[in-house]
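What follows is a set of notes on a single structure, which appears directly below.
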Amino acid sequence: MQTKARLPVDINAPSLQSPALGIDTHLLRGELRQHEPMKQHVSWRAGGHAAYFYQPADLEDLAVFLHFWPKDEPVMMIGLGSNFLVRDGGLPGVMIALHAKLNDLLLVEQEEDGGLIYAGAGVPCAKLARFASLHNLAGAEFLAGIPGTVGGALAMNAGCYGSETWERVERVKTIDRDGTLHERTPEDYRIGYRQVELHEVVPPDTSCSWFVGGWFRLRPGQQESSRQAVKALLGTRIKTQPLGFPSAGSVFRNPPGDYAARLVEQCGLKGFRIGDAMISTLHANFIINCGHATATEIETVINTVQDIVYKKTEIRLVTEVRIIGQHKGNEL
């Protein structure tokens with residue numbers, strides 16, 4: 001199922017185009033900036049600049065932006081930036097930030113057998129968990145342990161403490177490179193551990209697509225018990241994760257039948273450091289920024305850990321975080 005976003009402009013009308021972009025910025029209601037430091041937008045607090053950075057006013061404005069943005073210019077989207085490492089050489093094209101505006105959070109229906117919540121891509125996962133608890137719905141408590149937004153959780157099937165995002169999804173809303181909105185169901189996707197891909201049999205979006213919201217089906221619960229479960233999860237995070245330092249959460253996926261943190265610790269790598277990028281002594285699957293780490297230092301730690309763990313265990317750790325952008329000069 002798909003619907004077309006209503007564009008509040010005449011797409012055939014003459015426009016005063018920006019020479020640099022080929023886009024009429026008068027058509028936009030959001031904020032477009034150039035040479036934006038991405039370290040301000042990612043949880044590692046490191047990395048280069050984005051050539052362009054756009055904060056849409058709302059979903060309709062995002063559709064307009066994508067429709068007019070030059071098709072040969074790269075597009076990426078970000079929530080709280082908790083799963084990205086932007087290389088020091090920066091990003092071409094545009095990075096679109098969703099967390100400030102695509103934050104609708106609605107109780108769509110509530111019956112004796114449960115309820116349905118719609119959450120926009122920019123809603124923090126912990127906020128969705130608390131919202132569900134407030135409305136006596138259970139099953140979303142684990143989301144309190146995910147340090148990102150709904151959009152990112154949908155894109156990677158984020159999970160923790162034995163639960164995963166797509167176990168609760170009834171359907172999702174996506175937007176493609178042309179600004180067209182689509183509604184899809186879990187059956188349209190191949191869903192696995194930290195992986196979500198469209199089936200080949202599903203007509204593809206124009207060239208790529210992004211999650212802009214999702215409907216979550218939850219079972220009936222009790223507000224107090226859910227609140228206590230969320231509180232317990234947050235307490236566990238505080239005790240076991242280095243929340244006092246910039247990081248991106250878990251860096252590596254757990255290999256089948258094992259844990260990345262256990263393998264890293266087994267190899268004696270807790271506290272391993274390059275510059276200001278260090279493997280946490282509290283949780284071995286976290287790389288923290290101890291001060292002024294560069295993206296290159298963080299990526300070098302990642303590569304070194306992968307090499308050492310493989311050499312000692314013959315297990316190649318796969319990154320859970322996304323490493324994007326260009327290297328600076330001759331680095332790496």
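Note that Cβ sites are derived from N, Cα and C of the backbone, with glycine treated the same way.
Feature annotations, courtesy of Swiss-Prot:
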- R194: active site (ACT_SITE)
- S250: active site, proton donor (ACT_SITE)
- E320: active site (ACT_SITE)
- 45-243: domain 'FAD-binding PCMH-type' (DOMAIN)
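Here the Cβ of S250 (active site, proton donor) has 23 other Cβ atoms within 10 Å, regardless of which shown protein chain they belong to. When the alpha carbons of E320 (active site) and R194 (active site) are compared, the span between them is 7 angstrom. Distance between Cα atoms for the residue listed as 'active site, proton donor' and R194 (active site): 12 Å, as a whole number.
Of all the Cβ atoms in the protein chains shown, 17 others lie within 10 Å of the Cβ of R194 (active site). Cβ neighbour count for E320 (active site): 19 (other Cβ atoms within 10 Å of its Cβ, all protein chains included).
Model confidence over the domain 'FAD-binding PCMH-type' (45-243) is summarised by a mean pLDDT of 92.
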